[in-house]
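Feature annotation from Swiss-Prot assigns Fe cation 1 binding site to GLU28, ASP39, HIS107. Feature annotation from Swiss-Prot assigns Fe cation 2 binding site to HIS30, ASP39.
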Amino acid sequence: MQLRLSSGNVLNEKVHKVGIIALGSFLENHGAVLPIDTDIKIASYIALKASILTGAKFLGVVIPSTEYEYVKHGIHNKPEEVYSYMRFLINEGKKIGVEKFLIVNCHGGNILVESFLKDLEYEFDIKVEMINITFTHASTEEVSVGYIIGIAKADEETLKEHNNFEKYPEVGMVGLKEARENNKAIDKEAKVVKRFGVKLDKKLGEKILNNAIEKVVEKIKEMIR
């Protein structure tokens, strides 16, 4: 069957060889404002939007996620389980002509799987790249992006509740003592959140989201040059 590769809103015919995969987390507490699957919803939104704008193939989401052992705010998997699912998606993607894979990751803990990317490239003789778009956990940036894509309940009362760090210790990781003790970057971010609190900034959310989508679009353009 001869496929009409130039049809539709696509950058060019080469873009059909690029596949986009969303990577995040489905089971994490995000305070009162955001749902437990915030990370994968943001990753999926960005990945799908970039796919629509370029014509690259959106291949779906990775269901498992992983996390540093000292960060306890959800239910996660071993890095090997994430790798196994990525391997499945890449194997299926290759069957439909994808040769270059771009993973859009919006969960910090998943950075642990980056070491497996070369293994995937070697096994399947393909190119794999990963873009990490992460935020201070359940803080102003993530709340604002979540609001723009429609997943945040950010009325005044809920935001006030969200800023109760004793009830929601995962917000900014302010109350996650073990995580703060083991990671200086987490501790630094937590201090900022505790001092200034979490707010809704619609303009900031729009700016971050648009910049993230543009970053993925530019990477896709780079991959088909």
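Just so it is clear, glycine is given a Cβ too, placed from its N, Cα and C backbone atoms.
Excluding GLU28, ASP39, HIS107, which define the Fe cation 1 site, the same chain contributes GLY24, SER25, PHE26, ASP37, THR38, ILE40, SER65, GLY74, CYS106, GLY108, GLY109, ASN110 within 8 Å (Cβ to the Cβ centroid), listed in sequence order.
Taking each Cβ in turn and tallying the other Cβ atoms within 10 Å, the top scorer among the binding-site residues ASP39, HIS107 is ASP39. DSSP gives ASP39 (Fe cation 1 binding site) a helix state.
Classification of HIS107 (Fe cation 1 binding site) by DSSP places it in coil, neither helical nor stranded. According to DSSP, HIS30 (Fe cation 2 binding site) sits in a coil region rather than a helix or strand.
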